[in-house]
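Peer 1: Sharing a structure here in structure tokens format.
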Amino acid sequence: TTAPKGPVRRVAIFGGTHGNELSGVFLVKHWQDDGTEIQRPGLEVRPFITNPRAVEKCCRYIDCDLNRVFDPKRLGEQLADNTPYEVRRAQEINCIFGPKGSHEAYDLIFDLHNTTANMGGTIILENSRDDFTIQMCRYIKDALAPEGCPVFLIEHPNLKYATTRSIAKHPVGIEVGPQPQGVLRADILDKMRRIIKHGLDFVQMFNAGKEFPRCTIEVYKIMEKVDYPRKKNNEIMAVIHPNLQDQDWQPLNPGDPIFLTLEGKTIPYEGDVVVYPAFVNEAAYYEKQQAFVKTEIEKLSAEGIRACVS
């Protein structure tokens, strides 16, 4: 089991990994001014703005996507005059909260994100064998019920990316939408705030010696990315079909419409299994050549966990 034997002591909450995803920016800045809401006995919780220059400009990033550069190569490369700002920043963040993969790294990092897609309050899980985080997901899901809280597993041989939070022993992404870039919505803010509250409550209970019995949760596991249909010059030639728009986490059946051309032609989903789309029409993914991701439902089990409290 990958569960920590002793208590989880050091937690960080990251906002502004993408500078135009404002819920996390707003909450982290608030908690830096007044951290009462995120303080828990015996826990060091550090709110932190990860990409301050992008936050200042209210753009996703300055030179490159900060949430894609936490791989060993870029964390270890020699800095030069032409090194992208986000690669420099990644090395700074790794020094403060890492080093990634080391015993000294922070126990847990919550990384706060917004999506323009209708994904609700989604928890992003990076490792299907992380019992501690799976148990936390179970706890948060139960606490939020009957409101849904999808868990998105991004573990994949090719599609997994080197996230900012991946320097922690237990990385947790919080992805809440729909919210336009550069905009604050009260309902979205509230949802993110409640997920963090329940997550911290879980850690506090774990640290106090509470036992969490073996559990199973349903997750949406990433299968593949789907790009827009494109012309020879690489320009988009169709948009997300109205029937698919806002239908994140809903079953997409073979033959269902996914794209619509300007001529009015419908392009159907040609797969042979039911999939569950997410990040449907995400604004930030146009540049990544991605219209949505296909996921499949999988059951994940976690062993029972209990901290050894002296």
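Heads up, residue numbers simply count up from 1 along the chain you see.
In case you wondered, yes, glycine gets a Cβ from its N, Cα and C as well.
Keep in mind the model is a prediction, meaning the values are calculated, not measured.
Pulled the feature table from TrEMBL, pasting it below:
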type	residues	note
DOMAIN	8-202	domain 'Succinylglutamate desuccinylase/Aspartoacylase catalytic'
BINDING	His18, Glu21, His113	Zn(2+) binding site
BINDING	Arg60, Glu175, Tyr285	N-acetyl-L-aspartate binding site
BINDING	Asn67, Arg68, Tyr161, Ala162, Thr163, Thr164, Arg165	substrate binding site
ACT_SITE	Glu175	active site, proton donor/acceptor
DOMAIN	216-296	domain 'AstE/AspA barrel-sandwich hybrid'
Peer 1: Return the residue, from the listed binding-site residues Asn67, Thr163, Thr164, with the maximum count of other C-beta atoms within 10 angstroms of its C-beta.
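Peer 2: That would be Thr164, with the highest Cβ count within 10 Å.
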Peer 1: Run through Arg60, Thr163, Thr164 for me and report the binding-site residues whose CA is within 10 Å of the CA of Glu21 (Zn(2+) binding site), in sequence order.
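Peer 2: Checking each Cα against Glu21 (Zn(2+) binding site), the hits are Arg60.
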Peer 1: Could you pull the average pLDDT for the domain 'AstE/AspA barrel-sandwich hybrid' (216-296)?
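Peer 2: The answer is 97, the mean pLDDT of the model over that range.
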Peer 1: Beyond the listed site residues Arg60, Glu175, Tyr285, identify every same-chain residue whose Cβ lies within 8 Å of the center of their Cβ atoms for the N-acetyl-L-aspartate site.
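Peer 2: Filtered neighbour residues, in order: His18, Glu21, His113, Asn114, Thr115, Thr116, Phe279, Glu282, Ala283, Ala284.
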Peer 1: Non-local Cβ contacts of Arg165 (substrate binding site) (under 8 Å, 6 or more apart, same chain)?
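Peer 2: The list for Arg165 (substrate binding site) reads Phe14, Ile109, Phe110, Asp111, Glu126, Pro171, Val172, Gly173, given in order along the sequence.
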Peer 1: Using DSSP, what's the helix, strand and coil tally for the domain 'AstE/AspA barrel-sandwich hybrid' (216-296)?
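Peer 2: Final tally across the stretch: 3 helix, 34 strand, 44 coil.
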Peer 1: So of His18, Arg60, His113, Ala162, which of the binding-site residues has the fewest other Cβ atoms within 10 Å around its own Cβ?
Peer 2: Ala162
Peer 1: Sequence gap of 6 or more, Cβ distance under 8 Å: name the residues on the same chain that satisfy this around Glu175 (N-acetyl-L-aspartate binding site), in order along the sequence.
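Peer 2: Residues satisfying the criterion: His113, Asn114, Thr115, Met119, Gly121, Thr122, Ile123, Ile124, Phe152.
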Peer 1: Checking your reading of the structure: which of the binding-site residues Arg60, Asn67, Arg68, Tyr161, Ala162, Tyr285 lie inside a 10 Å Cα sphere centred on His18 (Zn(2+) binding site)?
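Peer 2: Hits: Arg60, Asn67.
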Peer 1: Using other CB atoms within 10 angstroms as the count, which residue among the binding-site residues Tyr161, Tyr285 scores least?
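Peer 2: Result for the binding-site residues Tyr161, Tyr285: minimum number of other Cβ atoms within 10 Å at Tyr161.
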Peer 1: By Cβ count within 10 Å, point out the most packed of the binding-site residues listed: Glu21, Arg68.
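Peer 2: Counting Cβ neighbours within 10 Å, the top one is Glu21.
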